[in-house]
Structures are given as structure tokens and as C-alpha cells.
Amino acid sequence: MAESVDPLENRESDPATPINAKDSAGRTEEMLRALLESAAQGVVAIDQEHRIVLVNSHVEQIFQFSRDELLGRTAEMLFPTELRGKDSFVLSDSSLRSRPLVPAAGKYFTGQRKDGSTFPMEVALSHFEHLGGRMVLALMTDVTERVEFEQRLRKSEELYRTVVEDQIDLVARYTPDGKRTFANDAYCRFLDKPREELIGRFLWDDIPPHEIQWLQAEFAKLTPDSPVKYYERRTLMPTGKVVVNQWIDRALFDVDGKVREIQSIGRDVTQQREAEERLRAAQRLESIALLASGIAHDFNNLLTPILVYAENLQTRLEDGTLEAHQVQQIRTAADRAKNLVRQILTFGRKGGQPSLNYRPATNVLKDAMHLIGISVPAHVRLDVDIADDCGVIAADATELHQILANLCGNAFQAIDELGVVSVSAVRTTSHRSYLAPGEYVEITVEDNGVGIAPDQRERIFDPFFSTKRPGEGTGLGLAVVHGTVTRLNGCVEVESQLGKGTKFIIALPCFEPEELKAEPTSSPSTQQSTPSHVLLVDDDELARKAMQLVLGQCNMRVTACSSGQEALALIANPDSDFDVVLSDYTMPGMSGVNLAKQIHATRPAMPIVLISGDAGRVGSAEASSLGIQGFVDKPASVEELQGALSQAILTKPSECPSPDGTKLQILIVDDDNLVLDSLATTLETIGCSSHTANNMQQAEEFLSSHEFDVVLVDRKVNQEDGFKSVRMLFKNDIQANQGRPRLVGMTGSETPEDEEEYVLDAYLTKPFTHEELKQALCLPKSE
């Protein structure tokens, strides 16, 4: 081993040097050694042959080698074997010639201890001359704890970044004066801006001006005792749209308790708040509609005798006379009052809707705009752009005309001077969350008039609320629009700015072209009445007497009563010969619907027509099952009453009684719900009562708890043989030759060859006619 050289040892001391100089040099050497040993870093001196010539005790601690094991050895022993080719540039010739080296932050080398374990170390190099040779002084620091801390910190930062960036909530930080210091990905996507554009900019840039001062005051309220605030505020989007956000702000404080940063976590609640507002509006409209319905009933009762008597008088007066003109004015006023009541009811209508037919939207809209175009004021230009294919909609043409007339009329009146009203319609796919997915016809009516004030915009669909001057509007136009559009499963939206104009957007659902149906042709209302006996039921004396008078003049015999109980007593009379019942819908004690139920239970073939003073009606399916053949709205004209009663008598169903004269009781067993529904409806129309079962277990339960005259059973019921199953249910009755229900089998093919095996009384091959069904049911029961 080469002899080690200690740079601090004076190997060429001069005997002639004075003793005090030697003492001084010795003290200096001792001080240097003390400094070397007290250094917080490992100190290693390396000569030109890369041999270690000096180490301090900290090197021994770091590498676990003794000083004797290190001196004279090459410095490469301090690095792992596999890394010596990488980290040994510290020992290269260039290191001996270079300037002092201080590693960059985070740059570490790998050291190797005596036991072979490795650790991260920081190495700083400097150079000095000694005994004519150039040497390297290496300062080595074990940075194991620092690296571990940095790794933990990095993992924590990665976890924080992952949590924050993966959040669907908006996360941002601000200084107390509102300057952004952080924004997560969701926040950037929400504002549709890159992070670089948001950081360093003020929060106030994205807030409506009237809310800035309020939010600054909220920030000022954050204290160590109250560090969290919950609130909602509006955000001004880059598109100009204003949305609603819900925020939770938490203040971060310094050691002095001053706000250092504010962290905000928010989410977009615009759709939720819009849905809540729609619900509140619907509830408000529903309550008003309920009130309006009650008023309308009484009001229409008063209008009925006015309109009926006026019509009656008009037939007795000569045209052109003063009296005839006055009567016509009475009729005109009554008709206007009638239409006004219908408008009141339309926005809250739950039943009694006009007949909805499938029709091309383009045709209806163009027809409506053609009529509206005739009445455009001179100072307004009307631009119409209706696409050629707006799809097929299910709506009443009159109501669509009314919607456009109301919106265009409001637009015309909103323009004081020269202006433009634009009406457009196009078929589109709606992305509104509160509408069912699918295609819609989107109708837009836009004007550049005076606009609507923000505080009025929330109330414009309320009945009787009007932005016009007193006497210029009823306040029902937009309420009718809203009610009609909502009932058609569409939506209506409004955008408006004072001084710039208003835009209404209506979306109505489209249907497939194959669903297009021809409008049913209605029978003329002026058809000649056949002699008939009418039972008239109405609690309002004026309306009852008026209708009794005019129906009597239409070749009808009328028996009138004021309550449902009285009507039932009249019908129960064996000598009664009523052909049709005309009943008020809303009556105290017993409503028209309840009266219909009780009449239908004993006289299923008796046709019933309900006359209503409000919008309430049962659905068509329920009406059919109760024998209700028609509806008439009060106040009704003579022609409307005559036409509804005549039509009801002509379509009077025939009865199919059981042998004892009561309604035939039938159980239908089929696993196809469409078949069950259609057969139940058909049986009701021919005067039978039915129950339905879609499996044999349910059929058995019905048969054990009810008595039936006929069982209609399908050949296959949920993979079971319906014919055999029914035979087993009545096996004992068949063997004992006792009475049992008539068993009628239904098949999708020809009558089975082994029909005698099933002991069925009759067979029907699907599809079968009403007459075939009646023939199978009305045969006597087998014994």
C-alpha cells in the first residue's frame, strides 16, 4: 500500500525555525484538525491517483469504515460497484482540473457503506494545491432523511393533486383581494379557459357587477373563529350567460390570524335551481288553476241560459230587425265570455284536452303565420322562416294558432316605433335535461321591442299578470301559452333585456312520420234529431231550465232533475224509457262521474253525456268503461247539445246479459297485456263486466273468490296449456255434471283437433270480430 499523505502534517519543518513559530504552527494545525472533526459533513481529500489521503470522523460515521480502512484506498470504494462507472465522474481527471462543483438542488449521488448498503448523498467538490500536486476536497452529506421527506412530500402533493384535479367540483384559491392562485381542471373546464389565463386574474372578472361588493363583504367576514362560509352566487360565463353556483369557502390564516388565502369549492346548481323554480311555478299555477276552475264552473252555469235563450230567440226573430241585432250582440258577448273562461282554464288544464292529432308542424305553423301576417301593424316588419321539415307533432291546430297569435301579438305591442318581429321554426334534437330525449320542433318568436324587466320576468306566465298598461290586456295570453305547451310535454323559455327586446323559445316533441294519422271527421252538429227521451241532471236551475227548453224544441222529450240521487230513482223505475242521460259534471252530493258509474252498473247500455263548466274530465279509457259517450263544455250551443246527444244514441252499445238478466261476468286469462286490455275494453262496450289474469295462478285465485259466467282463456299462458289448466280447475264440476262457467278458448290458429279432450264450450280464432265474440259469450251455459 502506498504511503498516505496527510496534507495537514508539516513534513519539511525547518530545525532553524524559532520555537514560537513551531508552537504557533502546531496550534494552527490543532485548530484545523478540530475544525475538520467538528464539521457536520464528511470531508475527504483525494490525490491525483484517486487515493484517499484524508478523512474526518463524520466520514467514518457515514460509510461505517474506520479511518485506517479508508486512507490510501481509492475513493471508488465509497460508491456501489454497479454505479462506479456512472457516479465516478466525481473522481475523473476533469474533476481535478475543473472549477469548484456544487450540485444542483435535488441532485444526489449514491454512496455505499461498509456493509454494502447504499444511501443518497450530496457531494460538493473543491480543489487545492499541496506539495506541488493538485488535490480534490469532497464534502459529503448523508441526505437519507431529506430524500425520504421529499418523497413523502412528493407523494402527498401527487395525492393532493390527484384528489383536486379528479374532482368534479370546482376548486380554486384566492388571495383576500380576489386574485386567483389556483384552479383545478374542473374549474378551468367550467369557465372554458386555460389555467394560465385564470391564475393571477381577479375573481371579480367573472361575477355580475351587482354581486361583487356583496362577495367582498362575505370574504371580509372570514375569521379564525368563523373560517367557513356557505353561499350561492351567480357566475358570468364567457358566453354572456349567467349561471348559479353553490360555494363553500374556507379561509387559511397565517400565524397572526390574518387571511392568507381563501379556498373555494363549488358546483354548478343552475339546472337544479331552474327545476325548483319550474316546480314552484307549476305549484303556483296549479293553485290558481284550482281556484279558476271553481269560478269557471259557476260562471259557465250563468252563461248557459244566456247563450241558449239568445239562440232560441234568434230563431224566432226576422233577420235585419233591431231585436235580431240586439240578440246577436248578446250572443257575441256570451261567446267572448265563454272564450275568456276557456283561456282561464287552459293554462291549468288537467283533463278535457282538445283532440290531439298527428300533423306536420310545418303546415300548421305556416297556416297560422299566414293569418297572423294579415294583422301586422304598419310600423312592424314580420320575418317568417319556417323550415320545410319541422317534423310531425301531436297537437290541436287551434291551440298552436293561439300560441303564435299570443306571442306575436305581444311582440307587436312591445314595439313602439319601427321594429322587427322574427318567427322561425326548425326541427332539432333537444339537450335540455328537463325534457325527454328526442327530436323537437323549436319555435322562436323574437322582437327588438322594449324588453321585460328582470323583476317582471319571473311572473309573466302567471294568470292575470300583465306588463301592459291597464285595459290593454287580460294577463292570460302567456299563461295560456305556458299551460298549453306544458300539457303537450314541451317547454317554453324566455330571454329578454330592457331596451333590446324579447325572445320566446318553444320546444314541442316530434313523432315519427308513420304515426301520422288523418284527423277524424266529425259528424255534422246540425244533424236532425230523432225522437228520444233525455234524462237531464243539473243542480243549477237556470242552466237546467234553459237546456230543457231548447232540447224540447229539438224534437226531444226531456225529464229534468237536480241531483244524482233523483236521477238514479228515475232510472230504477221499471217503466222508465230513457234513451240517453245528459248530466252536469260537477254537482254537490254526487258528481256526474259517480252517477255514470252507478248507472253503468245496472244499465250498461245506457249512453251518458257529461256537460262541464270547468276543465275537469276523466280520461277516454275510463269514460268508455263507464258508458260515457261524450262531453260538452258549458256554455254549450243548441247545435253542440243536439249533436252530442244524437251521436251518443246512435253509438249506444248493446247489452250482453247473463241468463238471470244481470251483466255477464267474464274472466279473461291471457299472458299478453295488450290482449287483456283490448278485450276488457271491448267487453265493457258490449255491456259485460270483466276481470283479467295474466297467469294461471292468478286465474285460480279469481275463480276461488268470484263467480263468473264465462272464462275466456288463451291456448298458451306463460308456457302452460291454458285449455288443460282450465279443465283441471273444473275437473270435479265436470265429473259431477254440476254447473260451471262457460269455457271459451282462444287460439292463434285453427280450432284444435283434440278439442273434446279439453271440454271447452266454444273457440275463438284470433283475431275475432265483436259479433264473433258476442256469439261465443251469449250462448247458454253448459250444464
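Every residue, even glycine, has its Cβ placed from backbone N, Cα and C.
Quick look at what TrEMBL lists:
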REGION    1-25  region 'Disordered'
DOMAIN    28-80  domain 'PAS'
DOMAIN    105-155  domain 'PAC'
DOMAIN    156-226  domain 'PAS'
DOMAIN    229-281  domain 'PAC'
DOMAIN    294-512  domain 'Histidine kinase'
DOMAIN    533-649  domain 'Response regulatory'
MOD_RES   Asp584  4-aspartylphosphate
DOMAIN    665-781  domain 'Response regulatory'
MOD_RES   Asp714  4-aspartylphosphate
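Summary for the modified residues Asp584, Asp714: the Cβ-based neighbour count within 10 Å is maximal at Asp584. The domain 'PAC' (229-281) shares more Cβ pairs under 8 Å with 294-512 than with any other stretch in the list 28-80, 105-155, 294-512, 533-649. Residue pair Asp584 (4-aspartylphosphate) / Asp714 (4-aspartylphosphate) shows a Cα separation of 42 Å. Within the model, the domain 'Histidine kinase' (294-512) shows a mean pLDDT value of 79, rounded to a whole number. Assigned with DSSP, the residues of the domain 'PAC' (229-281) fall into helix, strand and coil as follows: 12 helix, 30 strand, 11 coil.
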